[in-house]
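Features of the protein shown, as given by TrEMBL:
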- 21-40: transmembrane segment (TRANSMEM)
- 23-448: domain 'Major facilitator superfamily (MFS) profile' (DOMAIN)
- 63-84: transmembrane segment (TRANSMEM)
- 91-110: transmembrane segment (TRANSMEM)
- 116-137: transmembrane segment (TRANSMEM)
- 181-202: transmembrane segment (TRANSMEM)
- 266-291: transmembrane segment (TRANSMEM)
- 303-325: transmembrane segment (TRANSMEM)
- 332-353: transmembrane segment (TRANSMEM)
- 359-378: transmembrane segment (TRANSMEM)
- 390-412: transmembrane segment (TRANSMEM)
- 424-448: transmembrane segment (TRANSMEM)
- 452-542: region 'Disordered' (REGION)
- 468-478: compositional bias 'Acidic residues' (COMPBIAS)
- 486-495: compositional bias 'Polar residues' (COMPBIAS)
């Protein structure tokens, strides 16, 4: 995945995704990686009170640990894309697992908050980023027809790990303290290396599938009169003319493909995703404090997040199954718009909830809509840009989202401090999510669907429903045709040699019949020509 072909100098043709087999193991690894990437920054908050006591800092100082992790996860997207395109997914994930684990292990020996920022924040965040993005890329290469379901199952790792890592962190804190908890958490992150080891690239499968064409092509190259650089043509005069074949110029390998910005679908998706992230994470962050301000006890307020997580576990795979239906998948971008609209309206309608029952109802609907958004966000991106450009696309999208993450929640917190009113914040966050949904739906319909109606393209798939399987099959067919074309000059050369030798032998027979002798040198030339012709005929028939 992402490696350059040594002979041609460009990325290999896409391989037909197996939609199963080893892909289920890849899906399991992606499930674990997604769980660690999204749940770990939130689970670390269990240790914040102990860190505040030991380092004599405030809550906002310790909260920067989670913020730095998320900033590294989103902001290092282009760096991950470059590394994946240069070295492949598996090596990058192995390095990421080691960095994530070493960051938490080193954090257990820190003596001040700045060292925690550099170890648990930067190192661990960078390590999880180097695991998260390649795992999604590998998932897109192994699944095509079942890709919506695979994305939904992989996205379910986030709520599953969030509901398990937080209680585990509390147990480790009580038995071993925060230093022992960090050390054990670092050991758990070594499982990211295991997940990276199972990310087997499909390059080997591509070579096996095209083995016959390659073997025939290499056999012709080994003939003395055929080859890539020159073709020998022997005339009746015994001379040999060399015809040099044209060499294809090598294409430079792109570490980060900026040509995706010429894709209108990608531009529309990026803008809508930026607006979405501004308000998507605000309600779950402020929910507990909002419930406490309305008079809900602390334990019951904390249980609201558990409700969201529990609903989210089932909402993501279910939405993936729905998105994989034949009549839904071509319009998956509109389903994504509906999910965002559902989430935004949930925020707006819950702004005036004043009792615990109303907040529970909000959590149920928010969990459903939040799970739908999480299951569809990367599926829509894969459908827009394709699996070959997905590595560059997701890196650039995550970088743009990083700015929205740094703007949205902090701005909401400042507004709460200034207005002392959560109702306005929920209205504002919901309006941003609704705006992103409306923009995506309208722009997709006006800019993409109408454009395709005016210009009838050869592609049959509508926007958001492209299939990488058909592209892979066409590329394999082109490769076989290319190899057969390369054989054709060799056959032509063989026919020319045979014709020349037969003509020469015919002249020799006429001369011997008339009693005329031939020069000694000419006889040697004819003998050599006849031998080459026989060998050529035998090799060609063989």
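Each Cβ is built from the backbone N, Cα and C atoms, and glycine gets one as well.
Relative to the transmembrane segment (181-202), the listed stretch 21-40 leads the set 21-40, 116-137, 266-291, 359-378, 390-412 in CB pairs under 8 A. If you look at the transmembrane segment (266-291) against the transmembrane segment (390-412), you find at least three C-beta pairs under 8 angstroms, all six or more positions apart, and that counts as contact.
In this chain, the transmembrane segment (91-110) lies out of contact with the transmembrane segment (390-412); the count of Cβ pairs under 8 Å, excluding pairs fewer than 6 apart in sequence, is fewer than 3. Of the two recorded stretches, the transmembrane segment (359-378) does not lie close to the transmembrane segment (424-448), with fewer than three CB pairs under 8 Å once pairs fewer than 6 apart in sequence are set aside. In terms of C-beta pairs under 8 Å, the stretch of 21-40, 116-137, 332-353, 424-448 lying closest in packing to the transmembrane segment (63-84) is 116-137. Of the ranges 21-40, 116-137, 332-353, the one with the most Cβ pairs under 8 Å to the transmembrane segment (424-448) is 332-353. If one looks beyond the transmembrane segment (21-40) by at least 6 residues along the same chain, the residues whose Cβ comes under 8 Å of a Cβ in the stretch are 69, 73, 93, 100, 124, 128-129, 131-132, 135-136, 138-139, 142-143, 150, 153-162, 165-166, 185, 189, 191-192, 194-196, 198-200. Looking just at the domain 'Major facilitator superfamily (MFS) profile' (23-448), the mean pLDDT is 83.
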